[in-house]
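K.L.:
So Swiss-Prot lists the following for this protein:
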type: REGION; residues: 101-202; note: region 'Interaction with Wnt proteins'
type: TOPO_DOM; residues: 1-15; note: topological domain 'Cytoplasmic'
type: TOPO_DOM; residues: 37-232; note: topological domain 'Lumenal'
type: TOPO_DOM; residues: 254-268; note: topological domain 'Cytoplasmic'
type: TOPO_DOM; residues: 290-303; note: topological domain 'Lumenal'
type: TOPO_DOM; residues: 325-331; note: topological domain 'Cytoplasmic'
type: TOPO_DOM; residues: 353-380; note: topological domain 'Lumenal'
type: TOPO_DOM; residues: 402-431; note: topological domain 'Cytoplasmic'
type: TOPO_DOM; residues: 453-471; note: topological domain 'Lumenal'
type: TOPO_DOM; residues: 493-541; note: topological domain 'Cytoplasmic'
type: TRANSMEM; residues: 16-36; note: transmembrane segment
type: TRANSMEM; residues: 233-253; note: transmembrane segment
type: TRANSMEM; residues: 269-289; note: transmembrane segment
type: TRANSMEM; residues: 304-324; note: transmembrane segment
type: TRANSMEM; residues: 332-352; note: transmembrane segment
type: TRANSMEM; residues: 381-401; note: transmembrane segment
type: TRANSMEM; residues: 432-452; note: transmembrane segment
type: TRANSMEM; residues: 472-492; note: transmembrane segment
Amino acid sequence: MAGAIIENMSTKKLCIVGGILLVFQIVAFLVGGLIAPAPTTAVSYVAAKCVDVRKNHHKTRWLMPWGPNKCNKINDFEEAIPREIEANDIVFSVHIPLPSMEMSPWFQFMLFILQIDIAFKLNNQIRENAEVSMDVSLGYRDDMFSEWTEMAHERVPRKLRCTFTSPKTPEHEGRHYECDVLPFMEIGSVAHKYYLLNIRLPVNEKKKINVGIGEIKDIRLVGIHQNGGFTKVWFAMKTFLTPSIFIIMVWYWRRITMMSRPPVLLEKVIFALGISMTFINIPVEWFSIGFDWTWMLLFGDIRQGIFYAMLLSFWIIFCGEHMMDQHERNHIAGYWKQVGPIAVGSFCLFIFDMCERGVQLTNPFYSIWTTDVGTELAMAFIIVAGICLCLYFLFLCFMVFQVFRNISGKQSSLPAMSKVRRLHYEGLIFRFKFLMLITLACAAMTVIFFIVSQVTEGHWKWGGVTVQVSSAFFTGIYGMWNLYVFALMFLYAPSHKNYGEDQSNGDLGVHSGEELQLTTTITHVDGPTEIYKLTRKEAQE
């Protein structure tokens with residue numbers, strides 16, 4: 001009678017496999033911590049105040065803040081009054097990147113947030129629910145001499161959320177409001193070397209456009225993009241891991257198909273988990289270096305969503321296959337209560353992502369959070385997804401508790417067995433608990449490293465060595481889940497090792513005649529083998 005590899009592997013060999021995987025895990029963390037730079041870089045920009053004195057501003061004219069063709073600038077708005085420059089003639093210009101630098105496709109994406117400096121004036125205060133309306137043009141070019149090509153031109157409304165901490169008295173005029181930063185722009189590729197933003201604040205008192213927004217002093221932008229060095233390390237990891245997971249996946253399914261019976265549910269789920277991991281690993285990002293694929297961020301979100309949905313489903317089915325009886329097991333329909341919240345939560349997050357990054361494919365300035373309706377809709381999707389996640393973990397914790405309770409109850413049968421069989425089943429129980437604890441450790445490490453990467457400065461210094469904590473988090477956790485899936489497909493593949501007849505059920509020493517098993521893989525042509533019977537009878541009772 002055959003079983004899964006994990007059932008027939010000696011403790012020594014299991015420790016060797018675990019040690020090898022641990023070494024690869026440490027290497028994954030070290031690659032990010034010692035080789036890769038920080039994942040992202042933030043660059044601050046202050047918009048230059050250019051003057052566009054044309055009679056009409058309907059035709060786009062690109063105004064450069066610096067360089068040989070720089071615009072006619074003013075330092076502040078006080079200078080505009082004696083020169084009879086109207087608010088509609090002022091254009092806030094930002095060149096990306098800073099002088100003597102250029103952007104690169106290795107940066108992968110650009111994310112910008114907006115900070116508006118607004119001074120307090122008694123006769124020009126920010127009214128309640130004030131909204132600033134910006135006319136924004138985004139252009140690009142690939143050298144310093146070509147004409148700018150328009151990439152996007154949109155009206156961008158943003159609600160101002162500002163507070164003034166001092167008393168609103170004449171002596172405090174000129175002090176700045178404390179305003180929340182605003183989402184401004186996100187682009188899913190960096191296909192060009194130079195970008196130019198021209199921001200206008202058109203004033204129309206009749207239509208109440210840009211009226212009651214205070215006295216704007218400056219517009220500041222913070223641009224965030226992925227570091228090119230980190231991108232290269234990330235691509236290298238994906239390129240290395242893709243064939244590794246693909247090969248073990250093919251090997252695993254080949255061993256399944258060599259059996260004289262159809263695959264069982266758990267085997268199918270493990271294989272599907274391998275497919276979803278391979279889907280994440282395939283380094284299609286290499287094409288983004290040569291092609292302007294702005295949809296790569298959305299595509300990456302979808303790939304991650306599929307993997308995590310499969311991972312959560314695997315945990316439920318893995319536990320459930322150790323509890324259900326022969327009639328209930330091996331059918332996905334038996335898990336609709338547990339898998340249902342996963343499907344609903346994943347669908348809600350998918351809709352939210354499509355409403356945000358899906359729209360940004362045509363309008364990079366769009367954000368679902370900028371309107372009251374959009375904010376309520378986004379919060380509704382997130383809350384529903386959060387409720388589904390909580391329900392899922394309640395189901396999962398209950399099922400894990402049930403499995404461990406059933407196994408503990410069955411351990412009372414072990415003393416009646418022969419020494420060889422007792423040691424064998426003690427090993428099986430140990431390995432099952434070991435896998436459950438490893439799963440818990442992987443989930444805990446993901447949460448812990450995420451928290452650490454958020455609360456630390458981004459790097460640690462030990463002597464002369466600098467460790468990039470955030471990069472180590474990304475590469476380490478990414479490598480960890482790859483190793484987890486690799487270990488699942490290796491350890492739960494059917495073993496070709498057979499037990500002798502002397503280790504048949506009659507030698508168990510269990511007078512009730514029940515067969516003790518631990519996992520759920522069925523590898524004998526006539527029925528279940530070394531997989532799940534240890535807990536099945538308890539569930540039936």
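Please read every residue number as a count from 1 along the shown chain.
Note that Cβ sites are derived from N, Cα and C of the backbone, with glycine treated the same way.
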K.L.:
Between the transmembrane segment (332-352) and the stretches 233-253, 304-324, 432-452, 472-492, work out which stretch tops the count of Cβ pairs under 8 Å.
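P.N.:
Comparing 233-253, 304-324, 432-452, 472-492: 304-324 has the most Cβ pairs near the transmembrane segment (332-352).
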K.L.:
On average, what pLDDT score does this prediction assign to the topological domain 'Cytoplasmic' (493-541)?
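P.N.:
Across the topological domain 'Cytoplasmic' (493-541), the average pLDDT comes out at 45.
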K.L.:
Considering only the recorded stretches 16-36, 304-324, 472-492, state which has the highest number of Cβ pairs under 8 Å to the transmembrane segment (269-289).
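P.N.:
Comparing 16-36, 304-324, 472-492 against the transmembrane segment (269-289), the winner is 304-324.
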K.L.:
What same-chain residues lie close to the topological domain 'Lumenal' (353-380): Cβ under 8 Å, and 6 or more beyond its ends?
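P.N.:
Sequence-distant neighbours of the topological domain 'Lumenal' (353-380): 136, 138, 151-152, 154, 156-159, 182-188, 294-295, 297-298, 301-302, 305.
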K.L.:
Same chain, outside the topological domain 'Lumenal' (290-303) by at least 6, Cβ under 8 Å from its Cβ: which residues?
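P.N.:
Apart from its flanks, the topological domain 'Lumenal' (290-303) reaches 105, 108-109, 186-189, 191, 279-280, 284, 350, 353-354, 357-358, 361.
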K.L.:
In terms of Cβ proximity under 8 Å, which residues at least six beyond the ends of the transmembrane segment (233-253) contact it?
P.N.:
28, 31-32, 35-36, 270-271, 274-275, 277-278, 281-283, 285-286, 471, 474-475, 478-479, 482, 485-486, 489-490, 493
